[in-house]
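This structure is in structure tokens; I'll ask about it shortly.
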């Protein structure tokens, strides 16, 4: 079984990105040293673990090696690619050791499914990933997929598997089959000669409400254990704690908990009440909770249906444009290609569900591509088109990438062809996707091909809208050929779920009715501590910021936000202000603070579009590290 610590049990249970990791100056030397260490560790671990499976006795050395691989605190709250570098190093070591061991058991020793599952559950328990019974559940949900993949891909190695998942450090991807596929990009287009500018907010701009990451947990219970020791707490099965302070809040909880229905409903209704004049609503996914060891098709169907019915009730005739989150499928993250014909692996149930439920807002022609892969395009009004992607298939924890990396080409080619038709028709486009395009957990070859598309159609695509990270943030896209040219912006809606340490929020964008560019945006939130201290009344929603006003910029065009990022690099007080708003003034974040290195990580995240492309980050690092102490006045 490959779904152990570094093969994604961590990733299956998290969904929160909070900081890019700036690499030290001697990073490449450290990587080479770590590669050699991993090779030695991998061989020794296999030998020691085989002795254990034969004798039933763990040697002192094996115990020591397991201790080296055990979880560090707070890993579950962070996206895997943004764990601190020491965590990433340990995880890469664990990946190589565990994958090599289980590949050996399957391919050389011919272990059957049940024996691998039992041993994997034991390893999961030893590493402290989940409670023993939940280790069994999560392994049982994923094992058949993994065995199918490794049995049908006999050349697949631990190095490639870990390289796909981590994409950096000692787990670098080197397999050319995974790196060399491309899509066809048409010649032509407007040359990129400078950063893309835009217009200021005007009185005739229309509004778009952006909701994301509702993470409704049907098992949430007020007063139940919020410090349960598992990746998702506040659930009925976890009981009531002896200490009342460890009980779940009425409106959600900063600790590792999702949202009760009343909080989901309150957020959606608040957005509808406060912005009845919104022209459109964008909903960028993750309806389902983080209790991934026990998700079921029927349970997910119920939660998705209840949420979509709420959106229909609240927004009425206002069009809602949805995309799927990585949590909507079960097992979580795992979207099989359409050519996989095993019914138990097929994601068709979720495609059929949303094709039906989204039909209230979408033209009939979208049903074909939704049923094919959960993506679509729709003409919103003359000259303005929306594209909804299912980029969860390119998430590095979608195990099917390991089986057929080039299957990702299909949706990307469709995106390119759709943008080509939009360009010919003189249309401008907004692209919706759950996972941020520039995230390090977007498969690197997919991200590189996406950037080729964006370079070609930078003048057609006016903005991107994402979720997944739960952080209220933005990302500036730069030309792959010239990193001085800012060509697009991705806005993240944050999330109405507090998981973990955030306050709930949603975003409102102002959009120019002629160019369809975003001219400004505002965020609305409530303080969870205050809401839970007053459980008998609804939370007090209030403006968090009006972006252009708060940061004294004329608009939120790529050129303007690129300038702002440079200002952040030389003005720590402004960057610190951005960080406070990014974490939505979550009380635990503010109490913990964010020092210089922490701020630098957040700064680099703004300008990074592809795993391991650190060019823009390095530019800002050189500015940031020269700051005089007297500028640290916050």
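Easy rule for this one: first residue shown is 1, then count along the chain.
Glycine residues also receive a Cβ, built from the backbone N, Cα and C atoms like all the rest.
Nobody curates TrEMBL annotations by hand; they come from automatic prediction.
Taken from TrEMBL, the feature disulfide bond applies to 124-135, 228-233, 234-257, 594-598. According to TrEMBL, the feature Zn(2+) 1 binding site maps to 213, 215, 286, 470. Annotation comment: TrEMBL describes 286, 326, 434, 468 as Zn(2+) 2 binding site.
Looking at the shown structure, can you explain where the listed features end up?
Just so you know, the Cβ of residue 470 (Zn(2+) 1 binding site) picks up 32 other Cβ atoms within 10 Å once every protein chain is counted.
Here the Cβ of residue 233 (disulfide bond) has 26 other Cβ atoms within 10 Å, regardless of which shown protein chain they belong to.
Of all Cβ atoms in the protein chains displayed, 29 besides its own lie within 10 Å of the Cβ of residue 234 (disulfide bond).
Cβ-based neighbour count (10 Å, all protein chains) for residue 598 (disulfide bond) stands at 16.
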Please list, in sequence order, the residues in the chain of residue 434 (Zn(2+) 2 binding site) that are at least six apart in sequence and whose C-beta is under 8 Å away from its C-beta.
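Listed in sequence order, they are 212, 284, 285, 286, 323, 324, 325, 326, 390, 391, 392, 466, 467, 468.
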State the count of C-beta atoms found within 10 angstroms of the C-beta of residue 215 (Zn(2+) 1 binding site), not counting that atom itself.
28
Round to the nearest Å and give the CA-to-CA distance linking residue 213 (Zn(2+) 1 binding site) with residue 257 (disulfide bond).
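Here the two Cα atoms lie 13 Å apart.
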Within 10 angstroms of the C-beta of residue 135 (disulfide bond), what count of other C-beta atoms is obtained when all protein chains are considered?
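Here the count is 23.
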In whole Å, how far is residue 228 (disulfide bond) from residue 124 (disulfide bond) when you measure between their Cα atoms?
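With distance taken Cα to Cα, residue 228 (disulfide bond) is 17 Å from residue 124 (disulfide bond).
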What number of additional C-beta atoms lies within 10 angstroms of the C-beta atom of residue 594 (disulfide bond)?
21
